Each structure stands twice: as structure tokens, then as C-alpha cells.
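Feature annotations, courtesy of TrEMBL:
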- A:13-155: domain 'Aspartate/ornithine carbamoyltransferase carbamoyl-P binding' (DOMAIN)
- A:R65, A:T66, A:R115, A:H143, A:Q146, A:G271, A:P272: carbamoyl phosphate binding site (BINDING)
- A:K93, A:R176, A:R230: L-aspartate binding site (BINDING)
- A:164-308: domain 'Aspartate/ornithine carbamoyltransferase Asp/Orn-binding' (DOMAIN)
Amino acid sequence: MPETATFPLFPHRHLLGIQHLSPSDIVSLLDRADEAVAVSRQSEKKTAALRGRTQINLFFEASTRTQSSFELAGKRLGADVMNMSVASSSVKKGETLIDTAMTLNAMRPDILIIRHAAAGAAALLAQKVGCSVVNAGDGAHEHPTQALLDALTIRRAKGDLSKLIVAICGDVLHSRVARSNILLLNALGARVRVIAPSTLLPSGIHQMSVDVFNRMEDGLKDADVVMMLRLQRERMAGAFVPSVREYFHFFGLDQAKLRLAKPDALVMHPGPMNRGVEIASEIADGPQSVIQEQVEMGVAVRMAVMQALLDPRRNEASL
Amino acid sequence: MTTTVFTDARIVDPSRSLDEIGTVIVADGKIQAAGASARNQGIPEGADVIDARGKTIMPGLVDARVFVGEPGGEHRETIASAGRAAAAGGVTSIITMPDTDPVIDDVALVEFVLRAARDHAAVNVYPSAAITRGLKGQEMTEFGLLGQAGAVAFTDGRHTISDSSLLRRAMTYARDFGAVIAHETADPYLSGGVMNEGLYASWLGLGGIPREAEIIPLERDLRLARLTQANYHAAKISTAVSADVVSRAKQDGALVTAGVAIHSLALNEHDVGEYRTFFRLAPPLRTEDDRLAMIEALKTGTLDIIVSSHDPQDVDTKRLPFADAAIGAVGLETLLAVGLRLHHNDQVPLLRLVDALSTAPAKIFDLPGGTLKPGAPADLILVDLDHPWVVTETDLHSRSKNSCFEGARLQGKVLQTMVAGRTVFSH
């Protein structure tokens, strides 16, 4: 792996969202991640980049895949990784987010990875602790590493994002993945579309620099990338859409609908998938699916992010 | 009791549409004279004479919407601490909300508030009582007996009554007793969010509260006010459309008045910034267009009064993610100075502003203050309208420090607050 000095110093202490990143910040993270992919594909996957550093994963919402991805990323960089799971923590005993954060902070970690059901939780934590904070998903706000790994997956398959049409389909209203992706894809110049029933679109969506469609048949036309979103089970039955059956009929990605996109369109999903709800199995496992690549890129992007935030040059500068 | 004479003050008294330089004479707890003509009366022997040149005297503010913590939440605010905060803010009368534990829905509890106020409060405290028992929106309280005990208005506080039939009967019954029904209008089903619905909330990933959550029950209430001819007060409105529908109801001859929280005049949704929980309010901070519409409606009189909606919350319920944080902000101590922004910016004439902060609420709720007429109780404040100051947490008298204006630069400072001729605050 090349010296970190070949990359510009990342100008942020935390990664709380895509919103505060410039296009060049994003590109430099993606470039770093490309290097991390190479490392992860070697038989010797461990580097010393973060040796001696302590990473705490603080997950208030269960998430097997994101948490293991961050854990593996930290371990491949040589950091000491601790997982703090909510089920066994004092959060259940009424301790507040801030108290938990202060307690962990006193253990002098170098980086905290947080997932929380409340929008703004990562930002709140970042105000109270002395280390770097990575937002691994806060309510319906942002999930920046997911957007970065999606962009990396697309860039490696398609090259320059600026000429691409990306259709984001499904529950945009509740989706932090959608918000981070809309911000990131726009920052890199892609044409972003959202396709969903209007009950699953946030207020003000027309001002979010996206083209809005309510029919898959219209929105998928000529798309280079089809990004499916997960529909939470509790939102399927009557509250936001009438039924699973109706949702899949109109908004589930099947062969017929996918045919409307470009023939080489990528199919993506942040996982975990509801097969038969938002995506047909034959598509999820089909030749256009890059869902497994997304998982691999996830580790690489998280390595890149942590290295950028914990750049040793930052310490020298602050000394 | 001694006599106090303020000389050469600018006297602003909306009850007489008076704005002139003159003398104010206070004797035996009452205004003896206030105006240019009082200069000729001479100074009574032994009087305290205060040179008020360059300063302004106005009736003390009457704040019609104050949440206290007593009984049940004394760690947030007691009647005594609310009284100190009020005095420091130039507020000489407060109407307390029934949202306490227990709820003020019974004669004995109204008497409790009045007793605590008499023994501990620096300012006049007028309790309001619940419209429905326990604020549950199901059974009417005893308007007649509660009114005799001293409840000056009926309101379900932070709650909106969903049952239209019950509300209709409450308004009809209240009319017989001449009681005012003051109601916050927020449809509970449409108010599931935590800030104003729109692009800004969507980017923050926070649930939105549409304007319609306020407008729909408000329109219903105004229809019922026309139907019942009750005295109805729309307690806190925040949208341009709300002002229009209130205006229309007034034109139709309904006995309707309306209030606006100071926050809705001074702040907008962007003040929420990055999840600043002190700005989680009810109604939520709306858009800048709504704020400007509120100012215009205040100027024209469609909005009758300004309230602080003082709502003390302790730090632990605010140091949480935005959607989990308690709703409300303290406001008694900044009400006047924040309101004066509208005067300094030439948005609302000073007389109208003081009317909305003092004279009009006293009139709506039939309270003794809000005027400097001879014979009225000497509830007045001496103010330096231009004095600049910065709000600091440590200077706040309220037990809770959840102010939206922490660190704000304000212009206009209360120098002295008098309640019934007694000085309860001086700077």
C-alpha cells in the first residue's frame, strides 16, 4: 500500500455525512478506497496503518453487515477494535447517548463508529467526544460510508460518474442511504432520479436536485444504475403502501422492469434485501447485480475513511 | 406607602394611545398620574424622584402563556422562580398553564396556585384551568366554580382537543360564564414530526409537521366559535394561512382573538441548524415567509397578542437527539427585548408592540394591568429601549436555561419593574 502521504490531508475530523464534503474530498476517499481494495485482495491483508489506534463500534441499532464491515476494516488496518453492542450495555438501563459517549471517550479511543436510530445522533456525539466520529447511519439522516461504497462500486464498473443516470427506487422517505446518495451522486455530477410512490417521498424532494418519478416504467428508462432501497417491514402493511403484493407489483424490480434500463445497467441494493418485496431473486442473483461487490467495497471504503480521519500528519500538525 | 415620581420619561401607554414625554406619579400602589399633563401637578412631599430622562415607562407586560413546573416539576420551575424571571423580564402578570402534575382542573388546585403565588411570587400570577379533566380531552371541568376560584381562562395547555362535539359544548358552556377558551391547535395525527415539514427537515432526516396540522383544527375551532359565539382565543399560531383564517373569522363577527409565540416572530426553521434541541418548539419554527406573515399580522392587529410560551425544560431532557428532546424554551426574560427587535427594525410601531405585549392580553383575559391610566395598579416598567446586552445562561433567573436566545445580542433592557407600586426588580 502506498504511503498515506500521497493523498491530500483530509480536511475533516469526523465523517458525519456527505453534506459537508467537497467533490475533491469524495474523490480522494474513493482513490484511497481503490488502494484498500488491492490490499484486501492480497493474501496478507493486514497493514500497520492504524497500529496502536483504538476503534470503538457503538451500534445502538442492530446491524450485522455494517458493524462487521467496520470491524474488519479496522482490523485490516491494524487497529484494536472493540464492539459495543447495545443489548449488553447500560443504555438499556437508561443511560443517555451522551453519558455513554462520555464514558467511552474517557477510555481514549481514536475513533468512534456510531449507528443510532435518531437523526443527528452522530453530530451530537461528535460535539461531546475528543476523537474522530464516523456516522454509520443516524435515523433517516445520512449513511455516508454506504454512499461512498456505492459510488466506488459504480466507478469501478462504469468509470466517470458524471455521465451516468442513477435511479434510486423505493422508500426514499425513511432512507438515510438515499439522502447520502443523492448528495454524493450530485456532487460527482451524475443525473439522479428517484422512483417511489409519493407516500414514500420526503417533502421537498423536487428541490433535492433529482428527477422524481412515480412509475418504474418511466424512471428506469435509460438508467445506467438501478439502486434499490429496502422497505422496512412495518411500513408495508397499510401505513405507507397498501400491501407487499401491491408494492412488488408496481415498485419491485423484476426482469420486465429492469429491461427498461440500459442493457448493461448495474443493479444495487444496500442490504439486507427483502426478496420478493423490492427485488426479485432472479435479479438480485442475476448477471447485472453488483450487490456482492458492494459488500466488498464497503470494507475498502471504511478502511479509506478511517485512514483519512486518522492521518498521522494531523497529529504532527496539532503537536 | 411612599410616593414615586418618574420625571421626563417617554410614556408609552397603548390603553390611551399615548406616547409622550411626561411624568408618572405612583402612590399607594396605584398610578396617580401618567402623561405630559402630570408635569404640572408638582412633586408630592417626601416622594422618591427618579430622573427617567431618555428612558421609557410602559405598563408591565402581561404574558398569557407561561408553563411552570409547580406543582410536580419544581426542578424545572417553581411559581417563585417563574416570578423572578418575569420580574427581570419586565413581565408583571403571568397566566400560568394547567399542564402540571397534578393538572389544574379542580378548585383546590387553582387555590393552591394562587396561594403559592401570593406567598412566593414577585409578580401577579393568574392561573388558567384545564378545559377537560386531566387534559384528557374527554370531560369538561367546572368552569363556573373554577372561574369563581380565580381561573382567568380555560385551556388544555399543550393539548388539542380532538373531540369536536366536546369542544363545541365546552365553548357553549363557557360563554354562559363569560370565560375565554384558549386553545393550541395541533392535529395530533398530523403532528407526528418534530420540526416544520419541508426541504430542510427532509435533509436533516427529521419528521415534519405540516402547516395543515395547525390550520385544520384552527379552522374547525373558528367555525365552532362562529356557531357558539364563545370567546375563543387561538393561543399560538405560526403560519400565514392561520393568520388569514383568523382575520376572516374576525370579519365574520366571531369573538375571536389570537396570540403568537415570540419565537414565531423572531426565528425560523433554519435556526434549528444542526439539531439544536433548544429550538424544538411547539408550534415548530416555520419558514421565513411565515415569520414575516406573523409580523405583518401582528402589525395589522389580526394577531392580538404576543406570548413567551415560557416552557422550562431541564438540561437532561434537552441533551438528547433532536427527535427525543423535550419541547419548549424559556422566554420570560427575553420576551420584551426580543419583541423590541420589531420596533428597532421598524416592522411594528412601538405602541402596537406594547399593546400586544401588555394592554391587549390584559383586556382579553380581563386582568387589571396593561395600562397607566390613573387609578390602575402601578404595574409598570422602566426601560432603556436602546441598551444593548447579550443573553447569558448564568444571568437567567429561571431554574431552567433552555433559551433560544443564549448568546443573542438584544437591544432594550428593563431597568426597573414595579408591581402594585412595589419594585420587584431593578437593574
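Quick reminder: no glycine exception, Cβ is built from N, Cα and C everywhere.
Annotations in TrEMBL come from automatic prediction, not curation.
Remember, it's a predicted structure, so these values are computed and weren't measured experimentally.
Put simply, A:R176 (L-aspartate binding site) is 11 Å from A:R115 (carbamoyl phosphate binding site) when counted between their Cα atoms.
Here the domain 'Aspartate/ornithine carbamoyltransferase Asp/Orn-binding' (A:164-308) has a mean pLDDT of 95 out of 100.
Cα of A:R65 (carbamoyl phosphate binding site) to Cα of A:R230 (L-aspartate binding site): a distance of 14 Å.
Listed binding-site residues (A:H143, A:R176, A:R230, A:P272) with a CB under 8 Å from any chain B CB: A:R176. Among the binding-site residues A:T66, A:Q146, the residue whose Cβ has the fewest other Cβ atoms within 10 Å is A:T66. The candidate set comprises the binding-site residues A:G271, A:P272. Of these, A:G271 has the most other Cβ atoms within 10 Å. Non-local contacts of A:R176 (L-aspartate binding site) by the CB criterion (under 8 A, 6+ apart in sequence, same chain) comprise A:G137, A:D138, A:G139, A:A140, A:H141, A:E142, A:H143, A:Q146. Neighbour density at the Cβ, taken as the number of other Cβ atoms within 10 Å, is lowest among the binding-site residues A:R65, A:R115, A:H143, A:R230 for A:R65. The carbamoyl phosphate site is defined by A:R65, A:T66, A:R115, A:H143, A:Q146, A:G271, A:P272, and by the 8 Å test on Cβ atoms against their centroid, the other residues of the chain that qualify are A:S63, A:S69, A:A136, A:G137, A:V177, A:P270, A:G298. Secondary structure by DSSP for the domain 'Aspartate/ornithine carbamoyltransferase carbamoyl-P binding' (A:13-155): 69 helix, 27 strand, 47 coil. Using a 10 angstroms CA-CA radius around A:R230 (L-aspartate binding site), the binding-site residues that qualify from A:T66, A:G271, A:P272 are A:G271, A:P272. The domain 'Aspartate/ornithine carbamoyltransferase Asp/Orn-binding' (A:164-308): residue composition by secondary structure is 59 helix, 24 strand, 62 coil, according to DSSP.
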